[in-house]
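**Q** Encoded as structure tokens, here's the structure I'll be asking about.
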2 protein chains.
Amino acid sequence: MASALRVLGIDPGLTRCGVGVVDVRADRSASLVHVGVVRSDAGMPVGERLAVIAAGLRAVLDEHRPQVVAVERVFAQQNRSTVMGTAQASGVALLLAAERGLPAHTHTPSEVKAAITGYGAADKRQVQTMVARVLRLDALPHPADAADALAIALCHAWRRGDPSVSTGSGALTPAQRAWADAERAARR
Amino acid sequence: MASALRVLGIDPGLTRCGVGVVDVRADRSASLVHVGVVRSDAGMPVGERLAVIAAGLRAVLDEHRPQVVAVERVFAQQNRSTVMGTAQASGVALLLAAERGLPAHTHTPSEVKAAITGYGAADKRQVQTMVARVLRLDALPHPADAADALAIALCHAWRRGDPSVSTGSGALTPAQRAWADAERAARR
């Protein structure tokens with residue numbers, strides 16, 4: 001495999017925290033390394049729930065050694081009842097990255113949707129479909145939090161890369177074709 | 001000194017995180033152990049800021065060994081521009097407490113004001129004045145974040161204690177008098 005960037009994407013949450021690790025190469029093709037969800041019990045005190053989330057994230061960091069961490073940005077305007085727990089979980093994710101000396105970045109949901117599908121208001125199904133295609137998965141990743149984590153990781157790798165993509169070659173991989181299609185859509 | 005409960009109060013924030021440690025005895029009298037503010041540079045990435053806050057909180061936990069941690073509860077409705085950072089800092093505070101096996105509790109601003117001044121809509125100056133009186137400080141604690149952290153710690157110790165307070169004795173300490181006054185006000 002050519003030199004790749006390994007990205008950990010995190011869809012923060014207290015009840016379900018999505019985690020996805022992908023390797024993304026310079027040609028924007030990507031492969032799945034790990035996907036999962038860290039869960040904590042809603043009946044536990046918040047601090048203990050955050051400790052469970054932190055332990056789960058540390059296990060992924062230890063096992064898969066990502067080079068960069070991307071976390072979905074949380075807004076106060078989102079679903080009121082869970083937004084504070086989501087923000088707290090995102091804080092824990094950003095803290096763990098910083099404590100390991102890893103760069104961490106946040107991306108808004110519409111940035112992620114635009115990077116993956118070419119359309120910032122895409123629905124979850126469109127995002128999941130594109131993530132499955134890019135990573136050559138046999139089925140849509142689920143639950144949604146896990147799919148979102150993969151999308152965040154891909155978004156980060158693609159947004160930081162060179163925006164000029166070769167789309168003229170006849171030897172595009174499926175992932176390259178998917179990306180090229182998405183990018184053409186984004187330019188419309 | 002009689003057996004006392006040592007409480008760490010935290011007023012969470014990214015730019016200024018107030019920390020206050022108090023010893024509170026069964027008669028509700030209290031003494032100051034430590035007060036301060038952990039600051040992080042607004043120019044740093046959020047993860048690194050949270051790591052600075054975490055290091056400051058760990059130093060206080062190591063040096064003063066509180067038995068319980070009380071954190072001000074953050075609401076999405078509060079000041080929009082900083083509320084996400086505040087929530088993230090509160091998540092880090094709750095995580096650190098849980099990872100040390102310390103019980104951690106959150107209290108709303110109006111619970112804190114009511115516990116300290118007897119009036120849930122008290123202004124910051126009233127809270128600071130009462131905190132200074134209870135802890136027999138020569139001056140009002142400042143900055144406000146530090147004073148708030150002390151108020152949160154006192155609130156927690158008092159709310160969990162026996163609500164019946166002896167106010168008939170002629171030998172009340174200034175702290176006991178302050179508490180008795182506040183409690184009478186709360187009953188009105």
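Just so you know, glycine gets a Cβ as well, placed from its N, Cα and C.
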**Q** Quick test of your reading of TrEMBL: among A:89-113, A:164-188, where does it put region 'Disordered'?
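**A** Result: A:164-188 is the stretch TrEMBL calls region 'Disordered'.
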**Q** Hey, what's the Cβ neighbour count for A:ASP11 (active site) at 10 Å?
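**A** Other Cβ atoms found within 10 Å: 29.
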**Q** When you measure from the Cβ of A:ASP145 (active site), how many other Cβ atoms are you left with inside 10 Å?
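**A** The Cβ of A:ASP145 (active site) has 24 Cβ neighbours within 10 Å.
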**Q** Are there any residues in the same chain, six or more apart in sequence, whose C-beta is under 8 angstroms from the C-beta of A:GLU72 (active site), and if so which?
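**A** Once residues fewer than 6 apart are set aside, A:GLU72 (active site) is near A:ILE10, A:ASP11, A:PRO12, A:SER90, A:THR106, A:HIS107, A:THR108, A:PRO109, A:VAL112, A:ASP148, A:ILE152.
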